[in-house]
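Asks: What follows is a structure written as structure tokens; I'll ask about it next.
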Amino acid sequence: MQLTSYTDYSLRLLLYLALQPKHKLSSVKQVADIYRISYNHLTKVTHELGKLGLIETIKGRNGGIRLAKEPEEINIGEVVKQTEDNLELVECFNRETNTCILNPACRLKGVLHEALAAYLQVLEQYTVKDLVLNEDDLRALLQFKTTEQ
């Protein structure tokens with residue numbers, strides 16, 4: 001299973017913001033530049049994470065973005081479920097579009113459902129805080145300036 005770039009960018013944005021001092025605002029452009037990802041795509045991600053209550057967006061000249069919750073309150077599994085638009089691993093997961101003739105007797109579908117549930121269960125064991133415990137390494141890779149720490 002491959003996560004969409006939308007979910008990938010969502011998680012990366014949350015990690016970046018978790019590494020910031022508590023009330024420091026960051027700009028979407030700054031984050032997009034550091035990660036070398038599309039500003040427009042990251043803007044959409046930012047808007048959605050704001051609607052989900054995960055980040056706070058402040059408009060205006062001195063505005064920016066920051067986490068709206070503590071990093072330990074943001075569950076990775078929940079973020080993935082909220083940002084992935086399709087967790088259907090195979091066609092038969094969708095009753096409306098399923099055309100597979102094996103569906104009535106297929107055991108693979110059950111195995112894949114079980115695998116997806118296990119995947120999500122593992123993700124649900126982690127929060128954003130868990131993913132930034134190696135904060136010094138991450139800061140170095142993201143080239144945080146000493147004054148930002």
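Even glycines carry a Cβ here, placed using N, Cα and C.
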Asks: For which of the residue intervals 4-27, 28-51, 124-147 does Swiss-Prot record DNA-binding region?
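Replies: Of the candidate stretches, Swiss-Prot labels 28-51 as DNA-binding region.
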Asks: Near CYS106 ([2Fe-2S] cluster binding site), how many other Cβ atoms are within 10 Å of its Cβ?
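Replies: Counting Cβ neighbours of CYS106 ([2Fe-2S] cluster binding site) within 10 Å gives 14.
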